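*Asks:* Positions annotated as active site, glycyl persulfide ester intermediate by Swiss-Prot, on the basis of similarity to another entry: C181. Residues or ranges marked as ATP binding site by Swiss-Prot on the basis of similarity to another entry: R7, A34, D55, R66, K81, V105, D125, N126, F127, E128, T129. According to Swiss-Prot, the Zn(2+) binding site annotation covers C166, C169, C238, C241, on the basis of similarity to another entry.
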Amino acid sequence: MTGRYSRQELFAPIGPSGQKKLKEARAVIIGAGALGTASAEMLVRAGVGSVKIADRDYVEWSNLQRQQLYTEDDVKKEMPKAAAAERRLRSINSDVDVTGLVMDVTAENIFELIRDASIIVDAADNFETRLIVNDAAVKEGIPFLYGACVGSYGLTFTVVPGSTPCLHCLLDALPIGGATCDTAGIISPAVLQVAVFQVTDALKLLTGEECEPVLRSFDLWKNERSEVRAASLKHDACPSCGTKDFPFLSYENQTKAAVLCGRNTVQIRSSITKEADLEALAGQLRQAGLEVAANPYLISCRSDDMKMVLFRDGRALIHGTNDIARAKSIYHKWIG
């Protein structure tokens, strides 16, 4: 066998019939950073028929250490990640319908984005977006493959609506906020390990196999790994998959962002962060090399031409831009 997918078809759990199912499948990837590009490349090489990848950001020098689809030329041209990823993925496999979407994923546009999707792969850079996607996935009955990593640590769980707990059910078991890749760093093996778990489950689901409801976590540097059988964590009263209220699709539970008139500043009020631990956050930001000032009411930090002021109630001012998408990107890089 010398065909493009011959070695994959020789793998008995997939075979020629599974390969046909992959060709008919549609994957949507939320985020085109490290996780998104790794998962996208594997899915495209595997022959998944349609791959959409959505991201609001552009390629920077600090991305090249772990975001495998991008080049120095993309940085110099300030290419949007989704556009650069689309071009590269099309060059890898012209048989796949690849669409890169330069957009901020919100409750307002999520249903158009995931229309007709077979699976949704999480590669978002913040937890609020994940909860929006989780609610939409549960509502539409589309499997959602959660994944996150920072430092040498990673975490994955596959949500199968109607069968497994959803992400909302697992909130008490998941780390929300805190360290980010921009404050604690990241090594590429951790990214790839998470993507491996996500794409393996994606291939299983797309070829008709079931996935176990297992919450997987690991720390590669410490050579630690754990698995939690998560079926018992499903809550009948969960507002997302239980009572089907889908709270994160409502306006009241979304991050509010507004451009402040005449100030080149965006105000952001997170729906998740109710009260910030300013002291702990100041320490993280200083460790990341940012210039930080603090008083009992707020902290401020600078990086290049951008300044962020964070108040104890979780409200933030991003100075140096009037672009809401850019301000959100900076906020989630520094705050999580």
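Cβ atoms are placed via backbone N, Cα and C, with glycine included.
Situate these features within the shown structure.
*Replies:* DSSP assigns C181 (active site, glycyl persulfide ester intermediate) to a helix in the three-state reduction. Non-local contacts of C181 (active site, glycyl persulfide ester intermediate) by the CB criterion (under 8 A, 6+ apart in sequence, same chain) comprise A34, V150, K333.
T129 (ATP binding site) falls within a helix when secondary structure is assigned with DSSP. The 10 Å shell around the Cβ of T129 (ATP binding site) contains 24 further Cβ atoms across the protein chains shown.
Around C169 (Zn(2+) binding site), taking its Cβ as the centre, 23 other Cβ atoms fall within 10 Å, counting all chains.
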*Asks:* In the same chain, which residues outside the set C166, C169, C238, C241 have their CB within 8 A of the centroid of the CB atoms that define the Zn(2+) site?
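*Replies:* So the additional residues around the site are V138, P165, L167, H168, L170, K234, H235, P239, S240, G242.
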*Asks:* Give the distance between the Cα atoms of T129 (ATP binding site) and C241 (Zn(2+) binding site), rounded to the nearest whole Å.
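*Replies:* For T129 (ATP binding site) versus C241 (Zn(2+) binding site), the Cα atoms are 17 Å apart.
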*Asks:* For F127 (ATP binding site), which of these binding-site residues sit within 10 Å, Cα to Cα: C166, C169, C238, C241?
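*Replies:* Within 10 Å of F127 (ATP binding site): none of them.
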*Asks:* To the nearest Å, how far is the Cα of C166 (Zn(2+) binding site) from the Cα of K81 (ATP binding site)?
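*Replies:* Pair distance, Cα basis, whole Å: 28 Å.
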*Asks:* Taking DSSP as the reference, which of helix, strand or coil describes C169 (Zn(2+) binding site)?
*Replies:* coil
*Asks:* With D125 (ATP binding site) as the reference Cα, tell me which of the binding-site residues C169, C238, C241 is the closest one.
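*Replies:* For D125 (ATP binding site), the closest Cα among C169, C238, C241 is found at C169.
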*Asks:* Select the closest residue to C169 (Zn(2+) binding site) from the following binding-site residues, measuring between CA atoms: R7, D55, K81.
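*Replies:* Closest by Cα distance to C169 (Zn(2+) binding site) among the binding-site residues R7, D55, K81: D55.
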